[in-house]
Amino acid sequence: MEEVRVFPLTCAVQNYAWGKVGLDSEVAKLVIGGDALAVVEADKPYAELWMGAHPKGDAQIKDNRIAQTTLGQWIAHFPACLGSKVKDTFQGQLPFLFKVLSVNTALSIQAHPNKELATRLHTQFPEHYPDTNHKPEMAIALTRFEGLCGFRPVEEILEFLEKVPEFHTLVGHGAAQELRGGVGDADRTSQALKRCFTRMMDWEKKVVVENLNELVKRVTEDAAAGKDTSGISGDLLLRLHSQYPGDIGCFSIYFLNHVVLNPGQAMFLGANEPHAYLYGDCIECMACSDNTVRAGLTPKYIDVNTLCEMLNYSPAPASSKIFPCLQDPSDPCVSIYNPPVPDFTVMRIQIPASVKQYNISPVDSASILLVIEGEATGTSPAALSDLTLTRGSVLFVSANESVSLHITSQSGMTLFRACCLL
C-alpha cells in the first residue's frame, strides 16, 4: 500500500556490554517513551538504538495497513520513497544508519576504512569486514560526551614522552627523537608519528602489562597522596585501566585528543581517523556499513597492522575536532550538521514553547525523525491518520513529504532528523 508514505517505526536495540545499564541509559529511556508496553531490565545494558534498514537491525513498521513488516522490505518495494537522486546514487538503498548511543565504558580504539580499503579488506577477510562500504560517522552529544579523536599536537605528545617514562619506553628512544626532530615539517612529523604509534602498538602483551602496571601504581599512589595527576591524564588512565586492565589502548590517551562535547556539539569521524567513544549519550549518524578496524580497549578481533597502516597521522588540537553546525537560513528552529560526505546530513529541530504549530519541511530524500523531548500530534497527507508523537517516537518520512505538528507539551519540542541532501 504505497499511499502511506509517512509512518512510525519500532527500532532495534543493541545490548552491547559497554552500554549504560537500565534506566541510566538514554536509549532505554527513549525506548520506554516511544512504546508504553516496552520493558527495560534494570541490570541489562542498553547501548544502541538503530533507526534504519541495516540487515542487523532493520526497523519494524508500526502501521498495520502496510503489508511489509520492516523498513528495509518497504524500501525494496517502493524505492521511489528515497527520492530520485538518492535512489540512483545509492542503488535503491537507504544510505545512512541513524543511532542513539549510551556509552558507559569505553568503546575500542578504532578507525573506519575508506571505500578502496573496505573493498580490499572485505575480499581478504569477509568474516571481519562484512561489506565494501566506507563508514564515515558523526556523533552529536545529547549529554556531556567524551571521546578520543585524532592525533594530538606533537608538542603535547612530546610532553607526555618526557613526563611518562613508561610511555617513553614503549615508543622507544629512537622513534621519540625522530618525532622531536620532525617538528615543523608536516611530512616528517607524519612519518615519525606513524613510527611512534606503530612501535607502541607492536609490543608483546607481557611488556605492555608490566609498563602499564608500573604507571597505574605510580598514578594511584600519587593520587592517594593528594598530588595532581592531571598533567598526565591520571584520572582517565585509571578509569580506562579499570575497564580494560593490561590493555595497550590505555596508553593511546597520550597520542589521541581527549575531546569533551557539550550537548549539541558534534564531532565528525572521516575515513582513517583514530577514535574511541568513552562516556555519555549521543545521536550518531553514519554511512550504512559495519567495517571497523580495532586495535585496543576491546575483547573483539584486533587488527593492529591494518590500523597502523591506514591511520591519518595528521596532528591537530582537540578544538579542531568539534564539528560546527549551521543555522538553517530559512528556519530559525533548525541547526544543520552537514558533513563532507554525501551519505547523510543531520538536523536538530528545536521548537520553542511559544510555538504550537510547526511544519517539518519536505526534502528530496527519505528521512528518519526522532523525538528527544516534547509531545505533538502529527498530520500528513501521506500518513492517512494522525500520528501521536512523544519522547522516543521514530518516524519514517518519504522524500518530498511534510509533517505538520500540533505541539501539546508546555516546554516545546526537540527532534533530530537524518536525511541525505545530495
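Including glycine, each Cβ sits where the backbone N, Cα and C put it.
If you check TrEMBL, you get these features:
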type	residues	note
DOMAIN	6-154	domain 'Phosphomannose isomerase type I catalytic'
BINDING	GLN110, HIS112, GLU137, HIS275	Zn(2+) binding site
DOMAIN	185-256	domain 'Phosphomannose isomerase type I helical insertion'
ACT_SITE	ARG294	active site
DOMAIN	336-377	domain 'Phosphomannose isomerase type I C-terminal'
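For the domain 'Phosphomannose isomerase type I helical insertion' (185-256), the model's pLDDT averages out at 97. Those residues of the chain, other than GLN110, HIS112, GLU137, HIS275, with a C-beta within 8 angstroms of the mean position of the Zn(2+) site C-beta atoms are ALA111, LYS135, LEU269, GLU273, THR292.
Summarising the environment of GLU137 (Zn(2+) binding site), the number of other Cβ atoms within 10 Å of its Cβ, over all protein chains shown, is 24. With a 10 A radius on its CB, ARG294 (active site) counts 22 other CB atoms from all the protein chains.
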